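Read through the structure below, which is laid out as C-alpha cells, and then see the notes.
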Amino acid sequence: MVFTNNITSIFLLGFPHLQNFTFPFFSLLVLIFCGTISGNLLIMVLYLVSKTLQSPMYFFITQLSLCDLLLTTDIVPVLLHTVLYGGSTMTLIGCIIQFFFFGTSECSECLLLLVMSYDRYLAICNPLRYPSIMNHRFCVISVIIIWVMGYFGTSIYVISICNLYFSGPHVIDHFYCDLEPILELSCSDLSWIHTQLFIMGSLFAILPFLVIVTSYVYIAITILKIPSNTGRHKAFSTCSSHLTVVFIYYGTLIMVYLCPTKGKSLKLSKVLSLIYTVLTPLLNPIIYTLRNKDFKEAFHKLKLIFHKSF
C-alpha cells in the first residue's frame, strides 16, 4: 500500500525552462482560470433561471460545465503555484487524490459527450420519438450513470496505484499528477495496470468516439436530405458546437493516452495536456454560448433582472 513505501512527498517540476516567460505565462493562466470559472458558472446559472433553456441539450451542457469546473479547480491552482515558484510539493496521498478528481471528470466528460451526441441524433434523425425518449427521467438517470461510471472507473486505477510500491525518485516532470508520471515512481510490475489503461481507454475514449462519429454520419446524411438551405443550416448549427468540442477534446485525449509513447516528446505531452485540462474547459462555454441564440437571450434577460434589482 502507499502508506508503507519510501516516498511521502512528490515534487512537480511543471515548466522548469520558462525563464523570462514565467510572469506572462502565469498571468495568462490566471485569466484563463477566471474566464473558465465565470463562463461555466454563468452557463449553470442561466440554465437554472431561464425557462427557455429547460431542455435536455442545455441540461447536458450544464453537466459538461460541472465537469469543467471540477477539472479546472483540481488542476489549475496547483499549476499556478508550480509556474510561479518553479515547482510544487505535494504529498503522495494528495497527488493520488488530484489524479482521482482529474480522472473522474475526464471519464465523465467522455461519456457525457456521447450522450449529447445521442441527443442530437434523436433530435435530427428521429424527431417524432425525441420527446418520448429524451425526457427528464432519461436525462437524470443518464447523468447519474455517467458520474457513477466516472467515479468507479477512476477508483479502479486508484486502487491499483495504492497497491504499488513506490521507491523513487520523488520528482514528476509534469504540471499535475497524471497516471503515467505516477507509475514511473514505482518499481512494481506495471503490466497489469497498462492492460487496465488499454481496456478503460477503449471503454471511455475510443468506443464513445467511434459511436459519436457514427451518429454524426447519420446526422449528416439526414441534414443533406433537408430540401431548404435554411433548414439545413439550422440543423447543422445545432450540431457544430458539439462536434467542435468532441474533436478538440477526444483528439488531444487519444493522442496523450492511447498513441504510442515511444518517440513522443515530453514537451509535446505537456502542451497536449494543457489543451484538455486548461484550454478546453475555457473553450466549452465560449463555443456553446457565442453562437447560441437561446443562451444570448437568457443572458440579456439576466442582465435586465440584475439592473432592475440594483
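Heads up, the Cβ atoms here are built off N, Cα and C, so glycines get one too.
Residues annotated as domain 'G-protein coupled receptors family 1 profile' in TrEMBL: 39-288. Across all of the domain 'G-protein coupled receptors family 1 profile' (39-288), the predicted model scores a mean pLDDT of 88.
Positions annotated as transmembrane segment by TrEMBL: 25-50 (among others).
The transmembrane segment annotation in TrEMBL covers 57-79 (among others).
Feature annotation from TrEMBL assigns transmembrane segment to 91-117 (among others).
Marked as transmembrane segment by TrEMBL: 138-166 (among others).
Feature annotation from TrEMBL assigns transmembrane segment to 198-224 (among others).
What TrEMBL lists as transmembrane segment is 236-258 (among others).
Positions annotated as transmembrane segment by TrEMBL: 270-290 (among others).
Within the chain, the transmembrane segment (198-224) has long-range Cβ neighbours (under 8 A, six or more residues past its boundaries) at 106-107, 110-111, 113-114, 117-118, 120-121, 124-125, 153, 156-157, 232, 235-236, 239, 243, 246, 250, 253-254, 257-258. Note: the stretches the transmembrane segment (138-166) and the transmembrane segment (25-50) are not in contact (fewer than 3 CB pairs below 8 A, sequence gap of 6 or more). By number of Cβ pairs under 8 Å, the transmembrane segment (25-50) is matched best by 57-79 from the list 57-79, 91-117, 236-258, 270-290. Counting same-chain residues at least six beyond the ends of the transmembrane segment (236-258), those with a Cβ under 8 angstroms from any Cβ of the stretch are 57, 64, 106, 109-110, 113, 116-117, 120, 123-124, 197-198, 201, 205-206, 208-209, 212, 216, 219, 223, 269, 272-273, 275-276, 280, 283-284, 287-288, 291-292.
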